[in-house]
């Protein structure tokens, strides 16, 4: 087993009370200076630990002093930072797309904690010295190298000692008009979860994250490497914030619009968000992702620095836009975490929401102080969203082979050669898994999967995943495995929603639901007479497009062309305009068009 490297920081600490220095984070008016020196750890018998096979160690420890007291900082490489099929895309001056798969597994981005402190954490980049932050005795400290010739000096300081870039409060443009009523949230927060729901919430979930940098932000950086480093640091920080929600964020791709922007960039954040969502919907399969964010150098109108659709995981709208408004990486990452929270079904915190280290991530104002954690309101609202919508893409966990570099016991990833991995000795709460060896305890068959209870396989025919609706099927444990079988769906054509529709690929598409989705709850499907317009074959009313021409519907197929809606208690024919793309105004495939008939390829055919 490769032993952890012990690195001791031999300190000469010089408090600079009242002094000021310009660091990467800005003007810092009070800091301490430390001088790191690496010392190899010794194995038993006094033998020196061999040189690592990779440039950066998988685990490290740093010993130093904070306020005159010694601390030991444990670091573990964030092995899941990049997905197995991570790609980077940029564009040549002539517009040619250049996509590569760089070797990123031997990276220098770490998570960690302070030894003997239960409520501690750390996010560190060790690429060129130590840069990041750690929480110690309830206080957050930042560390970064000092740019002094022939010196390994680092500065340690608190956030309160960084002069603010701009006193104007920033905002997220998601407004209260998109919230549910307080009454409905209060009612759901009082509900008790079923055992099946609790099991679902406890299952580890994953976001395959795609990040895009626009042309202006690209031009604002001196080199591609500087830009990549900044992005990696943001995602490393983002990853730690979602641990409480039991999510792991894996960067699946970075795209830099180095030649020109691929969408219309507009100071109106809502316009840019819509354009970005439309662009993402057309990405090729090799750039698939669960969520995408656009980082932009443009200045959004007013004090807006971010915007996202709410409750859109695993859909076309799982996107956000964030303005590159601060040179401080942690502030940018805080805003990214905030916008991703909206995609995960979380609204802004209300006045009665609290977290132990304010401001909370979903605060309605984005200040110059970093966000550190979700409030209890956010956690509960996110859980209600997951239980209500059951987004499927987040359950696709990386295979063991996706971890290309050497396995590390204690990183919460079950890798090749491991039977379980419950985290570090400090974090592990499992009675089934040995945190030191990542092997099951002698009495255990399993650890924490859906078909595991008290370290034993659940009996055959024990339900492990309930049917979420008419078009889903329940899954049952086999009695031979801890894994719940793959999610299975009701057959296409099975009646659903009281015969209002027929199942199609796990959903129950109806015209009424499509109108509500596109226009809101005050709308329903239009009268039958509206659909006769589809016989025209004009730009608005038609059945399909062929080589740019609008093809009219036959009379029997008129309900399989353009969708018509109407406002409840009113008359008229309304063609909805989707923020996704113009084609989504068409009646969706699989929608019921007559009794025992559904739309297929713009025709009304038998089920």
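Each Cβ is built from the backbone N, Cα and C atoms, and glycine gets one as well.
290 is the only one of 290, 469, 470, 472 that Swiss-Prot places in the Ca(2+) 1 site (with 208, 393, 396). Within 10 Å of residue 421 (Ca(2+) 2 binding site), judged by CA to CA distance, lies none of the recorded positions 208, 301, 393, 396, 522. Note: the Cα of residue 393 (Ca(2+) 1 binding site) and the Cα of residue 338 (Zn(2+) binding site) are spaced 20 Å from each other. Between the recorded positions 270, 301, 396, 411, 411 has the most other Cβ atoms inside 10 Å of its own Cβ, all protein chains included.
Helix, strand and coil content of the domain 'Disintegrin' (406-492), in residues and according to DSSP, is 0 helix, 15 strand, 72 coil.
Checked against residue 220 (N-linked glycosylation site), the binding-site residues 208, 338, 342, 415, 418 differ in C-alpha distance, with 338 being the nearest. In this structure, residue 342 (Zn(2+) binding site) is part of a helix by DSSP.
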